[in-house]
Structures are given as structure tokens and as C-alpha cells.
């Protein structure tokens, strides 16, 4: 198998995935202003390929009004070089509403300037409906179902108390108390914090004393950078007014203070 056959195989694999009608991808060059949509994205949006010009603003116009404020506008993406992962509703021209999950990435020059973006959109409407149906069935079965006990089998062994899936044991609680936000801060949080400050990657590199390539690794790789580099980046963001705090579970909440 040579490189050309591998490339062909990849294209065919993508075509097969998109043929399911649940996913599509897009690309955008900031320098040429050219945007491209895959046939699958047209299908997800219920648009006929060739009838409309690919445009990120057109995609935003289909987003449910209540969900639209959480999404970055086209000018903001170009300016900040940041594109967050979101799940949102769209209202298609045929009147149907779908739930989409979007994952995207902005590409930069070695100097840190945003030059383009690409992303994938997945229709998760049916998955969400199934989840809601299971949750509704659990509610209908009552507290036993919520506690993970099959309905009609509520007897417990003498002297035993059925355990709730939501009741933490003492060891888990102690472990949660020792949680430090820095332990859970990853590339998504660094990118979001930088966007709140309207910083480029070059700005973060200068403020943290790290090289641009190190900052880039921290933001683009799930395991990029060393612990020391990550701490330096977090410290610089904190000094600039970013607050990282613990939210539910191991989640990290990000806010700009001051």
C-alpha cells in the first residue's frame, strides 16, 4: 500500500461516515477568506449543496437564539484565534430543530497569528432523545430506579442499607477535598482563559516567560508541555486577572476578575 492509496482510503472513510447523515466538516482560510463545507455538513443543516455559499455566519444564523450568545462570532475567532467546543441547537429552514456538537481548531503561524480554522459538526439529536427517554423512565419507576435498584426488587439483605450512586464514600470525599484546580487545567482551559484576556499565544508566551512553541504545545496537545510550563502559563493568566476555581466534581470554572 502506497501513500496515494492511504490518502484515497482516508477520503473514502470520511465519505462513508458522512453518508450516515450525522456529521459534516468545514474549513476556513483567514488569509484568502475562502470557506468550504463538506457534503455532509450541507446534509446536517438541511441545505442543498451549491445553493448557498459556505459561510460561518450562515451557520450561526441557524443557531437557536438562546444558544447563539455562547458561540464565538466570525470576527472574534479571527481576532482572538480561539474557537471553543460547543453543543447547541439549530433551527433548519425546513422548521426542524436539531442538536449539534461542534469541535473546532484555529491554526496559527509560527509567530502566533491566526491563519485559518477547521471543524467538525455532529448531529447528536437522537442520542440526546434516547438519554432523555431513559431518564424519564427512571423517574417513572421512582426513587428505587434513581438509586440504581431495579423496580420490584427492593429487598435488601438484613442489616444492609442499599447504596445510592450519588452518595460519596468518605475516602472519595477526602480525595475530592484534596483536589487542586491546577491538576485539572488542560488545553481547553488555557485557550478559554487567553480568549477572556483577548491574548494571542504570543502574548501568553511573553507574560509567562515561555517560548511560543511551548505555549503552542500546551494548547494543541492533550499532553503537551511539562508540569512546570503549565504552571508558568497558569500563573501568568492568574496575574492578568483570570480566576480558576473548582466547580462540580473535577470541573474547572474560569472567570475574569478585577
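Glycine too: its Cβ is placed from the backbone N, Cα and C atoms.
Caution: TrEMBL annotation is automatic and unverified by curators.
For reference, TrEMBL has these:
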type	residues	note
COMPBIAS	147-159	compositional bias 'Low complexity'
DOMAIN	84-136	domain 'PAC'
DOMAIN	190-219	domain 'HTH cro/C1-type'
REGION	139-182	region 'Disordered'
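Same-chain neighbours of the domain 'HTH cro/C1-type' (190-219): 72, 79-82, 84, 108, 110-114, 225, 229-230, 232-237, 239-242, 244, 254-256, counting only residues six or more beyond its ends whose CB sits under 8 Å from a CB of the stretch. For the domain 'PAC' (84-136), DSSP puts the residue distribution at 12 helix, 28 strand, 13 coil. The average pLDDT for the domain 'PAC' (84-136) in the predicted structure is 86. Residue counts for the domain 'HTH cro/C1-type' (190-219) under DSSP, helix first, then strand, then coil, are 23 helix, 0 strand, 7 coil.
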